[in-house]
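Engineer: Marked as domain 'ABC transmembrane type-1' by TrEMBL: A:72-282. The transmembrane segment annotation in TrEMBL covers A:12-35, A:75-97, A:109-129, A:200-221, A:263-284.
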Amino acid sequence: MQKTSKLARDGAKWGLIMVAPTIIGLLVLNIWPFIQAIYMSFSKSLPFGLFEFEGIDNYVEMFQNVEFWKATWNTILFCILTVPVGIFLALLVAVLLNSKIRGRTTFRAIFFLPMVVAPAAVAMVWKWIFNSQYGIINSVFGVNVGWLTDSRLVLITCAIVQIWSNIGYDAVLLLAGLQNVSATLYEAANLDGASKVKQFFSITLPMVSPTLFVVMIMRLMSSLKVFDLIYMMVDDANPALNDAQSLMSLFYRQSFIAGDKGYASAIVVWTVLLIGVVTIFQFIGQKKWVNYEV
Amino acid sequence: MNITLQELTKRFPARGRKAKGETTAVDSLSFTIPDGMLVGLLGPSGCGKSTTLNMICGLETPTSGHIFFGEEDVTALPPELRGVGMVFQNYALYPHLTVMQNILFPLENLKGKARPTREQMRDRALEAARLVQIEDLLDRRPKELSGGQQQRVAIARALVKMPRVLLLDEPLSNLDARLRLQTREEICKIQKKTGITTLFVTHDQEEAMSISDRIVVMKEGVLMQQGAPQQVYDDPANLFVAKFLGTPPINVFEGEVKGGMLTLAGQKVLPVPGAPDRRVWAGVRPEGFVPAADGALTCELSRVEVLGRDVSIVCAHPACPAGTLRAILRSEHEVDPAAKQVSFALRPEKTFLFDRETEVRIPFAVPAPAGD
């Protein structure tokens, strides 16, 4: 075997030193807690923060629990409600912001604004807007809809707020993708008589598909992990709590309110598996539609 | 079918938010591209030639003026109805489509009666591919092709819908030197074979001269001169055209005409009968110098470059603002590289006079060449 030169070893040493802060942070804050969570999911919580290994009891209990399945379904439903609509609207906004309209920098800033606002503040304001007694929506339309208390509506209401919060960020990402598309492609398509719709599907969409894929992965992950929005919008006294509770809200209640960290950890491991499977399928599926030719 | 531009003008709003007024990119441009000809639109960068091309294909709307395809006024016609094929400078191939799909793209957009069947589309695409010799690359994507191959695909895509006009925007500028020579012959050949009226834009005068049937020279949006390449070269209308055409470029002197005699820095160099007395620019083509012991133009010799067939003589003359001038002689002429000075006679048909202020050509009577 060839001996590594001193220079290469030095380079590797410095490389490791440079990435050390990130690696250490990941180990201490993400990887070690995750390993602990896996261990805890196979353990029984005892008083004083102690654990005792007990095998798969937590999982057995979890898979037999109706509330857990309801939360899983809520989370999946939340993804279905938020991701396609959210991405479609973000793409629409990006295309509009990419066209030559007056004051588009201002519009860009406005659309990005929700990203800057604290999620808790966003949730508070929307909660007030959707309030069934004094909420602005009900009073403007003169109806009496329990946006946040009706078990059929509560998840949809949360999905609307989630979509609203993310449109700007996604649109700015997609806009960056759109701006990389050479203008001459559209000129050529114009000369070739392609309609605007055809241009969108045969130029814009394929050219922006790598960005679209990234946005999709990010959105699916964040929707599968949704917690703060639902936690803020739907409080414990809400009669529709069971119909809005996501896996992460369930985890929070089991872990920090009920104090059963072992059981809560099993929920976390389940969620991670769910995200992993969904992401793997996305990476398999992308070969069919994402275009990396530039 | 002739293409006629009539008083075509394009103004753009000035750039920058605070800037007021407009810039005129093309200024009442009129010329005709005769049917079936290959015409080179030539000018330095920013002279409005690309804008002119974009107006002909319909991507830009003229501020005023008209464009005729034959008898038909197409000024207001949208680009897809004009029947133009365009080859863009960067080729603008659709990167996610294969070569075949790229060539098929214009046909797929045809509507109504004009729309061919799938079979016909394939046949026409294959025919276009064969014309530019890319029939074995049909399944590749643009990224997998060389620059030259990409350009062939672009030409095939432009030709497949059988356009009335073919427009080429700087077709050779993205190719390396060797390929450029080969491709320009190729373009010329394809044009002759298809007989399609073709306009191509370039800033390279050599490129334009070598393949065009006619050239049109533009400067700052204004037409300078048009005609057959040799004719424009031999009979430039103004100093700009004289300087723009020819490699190596024309040698320009500050001179004066007095009593029918061209005087350069006190040396009476050439009788110019018929030219009025005034201060002039005198332009002499590099091949316009004849070495002669009693030559009227005496220059200080800087160096002699032997090029095989020709000899290039670089020397200095006080009336030459550029500092040096270059004469190209047949290699039979022997010039002693060690000599301090060299004397030339000037060929009157290779010497042009231009007004010092307006830079417009001043004609003079060229004496019939004495049999030498």
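Our numbering is plain: 1 for the first residue shown, then up by one each step along the chain.
Keep in mind that glycine also has a Cβ here, set from the backbone N, Cα and C atoms.
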Engineer: Against which stretches of its own chain does the transmembrane segment (A:263-284) lie, if we need a Cβ under 8 Å and a gap of at least six residues from its ends?
Structural biologist: 34, 37-38, 40-41, 45, 58-59, 61-62, 68, 71-72, 75, 213, 216-217, 220-221, 224-225, 247-248, 250-252, 254-255
Engineer: Same-chain Cβ contacts of the transmembrane segment (A:200-221) under 8 Å, 6 or more residues past its ends?
Structural biologist: 79, 82-83, 86-87, 90-91, 95, 166, 170, 173-174, 176-178, 180-181, 185-186, 189, 194, 275, 278-279, 282, 286, 289-292
Engineer: Let me spell it out: take the transmembrane segment (A:75-97), skip the flanking residues so only those 6+ beyond its ends count, and list any with a Cβ under 8 Å from a Cβ in it.
Structural biologist: 104, 107-108, 111, 155-156, 158-159, 162-163, 166-168, 170-172, 174-175, 177-178, 200, 204, 208, 212, 215-216, 219-220, 223-224, 226, 246-248, 271, 274
